[in-house]
Ligand code: CUV
């Protein structure tokens with residue numbers, strides 16, 4: 001068991017699942033083994049019905065598919081399709097949030113007033129939208145319309161690319177990878193990877209980069225910025241995480257998925273006095289709303305809602321036997337949940353028309369009468385409390401406090417209003433550099449281990465860590481999001497954290513909030529008058545698994561930031577593609593990918609890279 005996770009709560013629930021005869025992701029992985037070698041290498045093509053085809057990686061069998069596609073073409077096409085799926089997921093999430101702002105401004109979504117007018121006006125100005133003598137509703141309407149237009153714009157490039165330094169824009173323009181429209185890039189990926197269209201691996205990967213950029217500097221940034229306008233820009237906030245946040249004597253509701261449109265409103269709905277009274281009538285002492293995965297990060301960042309865990313803990317939360325409802329919307333939700341829930345009393349409630357789950361109850365969420373639907377969902381959970389089977393309940397006691405909520409605005413205010421203290425700390429070497437640690441869990445690797453070992457090693461080396469997604473949740477569970485964690489940091493970083501009363505690992509939000517990290521990177525580069533690729537920065541996804549992570553990694557590299565992957569992507573079937581991504585890209589976009597499964601060695605790569613960049617900037621390594 002202990003080889004599966006380093007997290008005590010997880011290990012306890014793994015044992016309980018075994019005793020309860022419940023099968024989990026780890027069991028299903030074992031049933032898949034040995035996994036398909038062609039798939040692992042990326043040399044399997046199912047893009048047309050002359051296939052499926054596969055290229056023999058050892059050179060004994062066929063070297064091309066029926067249409068003549070080589071390993072280079074097949075691997076590149078598969079990669080580009082993964083990027084398109086990932087970018088589409090983030091961007092469609094962004095569109096959903098922007099549509100909610102539109103409905104709000106039109107007066108059709110009364111439960112979604114603008115919460116951050118300052119940010120609304122700042123964004124309006126960025127888009128050249130007039131703010132003087134206009135009501136916030138008028139501004140919101142034009143902002144929503146303008147942002148929604150970015151998805152199919154004909155103006156040639158996305159507005160948010162203007163945040164990056166001129167040098168970066170020139171690189172993109174020269175390569176022809178400046179994103180032109182959010183939807184357009186995804187569509188073009190699907191077109192180019194159809195049989196008989198783009199068969200040149202370099203050309204395909206450039207389109208993959210352009211599509212990823214339409215996510216990082218398009219869809220994701222839209223999701224973040226408009227969420228802040230609607231739900232409030234995060235500020236430092238305290239809370240706690242891991243499965244121990246579930247309460248034995250309360251109605252437990254877990255919000256799992258990605259869109260704050262649902263989760264934010266549900267947090268408020270659960271506070272209604274009549275629902276609380278209903279819960280008490282059922283014998284519960286209260287209603288305990290917790291988050292999971294990225295929607296958990298959204299409500300954690302804004303309301304300090306406890307976080308029950310990260311990706312690999314979703315089934316385990318149900319295994320506690322203490323969850324009345326697992327409410328899901330979109331992305332990273334295992335189809336197995338209703339099956340696991342069938343062994344307990346948990347109701348899995350799906351809410352998005354885009355994501356239905358056989359075996360789950362579907363309560364369609366509607367932004368036009370959001371509060372009403374949210375209350376209905378909470379009531380369903382409350383009513384389920386009496387079905388709880390006490391003999392099946394076992395909540396692990398493990399929980400940890402954290403501090404989160406580090407939006408760009410919150411970081412600036414912690415720094416006293418300008419980036420200067422951070423820049424000075426980097427120049428003096430107190431902080432050597434910054435690494436963004438993001439991404440998922442993956443049952444092929446020991447749960448949370450790579451995240452934690454990688455991050456610990458970095459802070460020891462005076463590298464400030466900014467984290468999002470399931471990586472950030474992992475950090476939370478091990479106390480790395482507490483200011484006290486600075487005691488494990490190197491002297492320089494420790495002093496900075498102590499002076500500013502911040503943790504050495506800053507939780508910046510959900511996966512779409514990696515756009516916050518990119519915005520900070522661009523702002524630092526602009527302040528120093530250099531390109532992003534000149535900065536002592538790196539990115540890492542130590543335990544990634546999703547296609548969204550493929551898009552993220554690609555836009556981070558395409559923005560000029562060296563990125564380390566802790567799990568091997570399916571590209572090794574083409575020497576040319578692998579070589580382009582890990583070395584050739586340096587001369588093209590100024591950054592490359594590295595793959596390193598050992599987290600300590602990965603941290604060493606990041607530190608060496610940072611030292612190299614410092615030296616080039618004339619700073620002491
Ligand atoms: Ni969007 S994409 S498992 S929830 S970080 Fe978590 Fe984050 Fe990966 Fe999913």
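Placed from the backbone N, Cα and C atoms, the Cβ positions cover glycine too.
Values in this document were obtained by computation on a predicted structure and should not be read as measured data.
Taken from TrEMBL as is:
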type: BINDING; residues: 36, 44; note: [4Fe-4S] cluster 1 binding site
type: BINDING; residues: 45, 48, 53, 67; note: [4Fe-4S] cluster 2 binding site
type: BINDING; residues: 258, 294, 332, 440, 470, 511; note: [Ni-4Fe-4S] cluster binding site
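Structure with TrEMBL features highlighted.
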{"residue": "36", "record": "[4Fe-4S] cluster 1 binding site", "DSSP class": "coil"}
{"residue": "45", "record": "[4Fe-4S] cluster 2 binding site", "DSSP class": "strand"}
{"residue": "53", "record": "[4Fe-4S] cluster 2 binding site", "DSSP class": "strand"}
{"residue": "67", "record": "[4Fe-4S] cluster 2 binding site", "DSSP class": "coil"}
{"residue": "294", "record": "[Ni-4Fe-4S] cluster binding site", "DSSP class": "helix"}
{"residue": "332", "record": "[Ni-4Fe-4S] cluster binding site", "DSSP class": "coil"}
{"residue": "440", "record": "[Ni-4Fe-4S] cluster binding site", "DSSP class": "coil"}
{"residue": "470", "record": "[Ni-4Fe-4S] cluster binding site", "DSSP class": "helix"}
{"residue": "511", "record": "[Ni-4Fe-4S] cluster binding site", "DSSP class": "helix"}
Using Cα positions only, nearest of the binding-site residues to residue 470 ([Ni-4Fe-4S] cluster binding site) (36, 45, 48, 67): 36
Binding-site residues whose CB lies under 6 angstroms from ligand 1, from 53, 294, 440, 511: 294, 440, 511
Protein Cβ atoms within 10 Å of residue 53 ([4Fe-4S] cluster 2 binding site), excluding its own: 19
DSSP three-state assignment (helix, strand or coil) for residue 258 ([Ni-4Fe-4S] cluster binding site): coil
Which same-chain residues, if any, lie at least 6 apart from residue 45 ([4Fe-4S] cluster 2 binding site) yet have Cβ under 8 Å of it: 51, 52, 53, 54, 65, 69, 74, 77, 78
Winner by Cβ contact number (other Cβ atoms within 10 Å) across the binding-site residues 44, 67, 294, 440, 470: 470
C-alpha spacing of residue 67 ([4Fe-4S] cluster 2 binding site) relative to residue 511 ([Ni-4Fe-4S] cluster binding site), in angstrom: 38
Among 48, 332, 511 [binding-site residues], residue with fewest other Cβ within 10 Å: 48
List of residues, in chain order, with Cβ under 8 A from that of residue 36 ([4Fe-4S] cluster 1 binding site) and at least 6 apart: 44
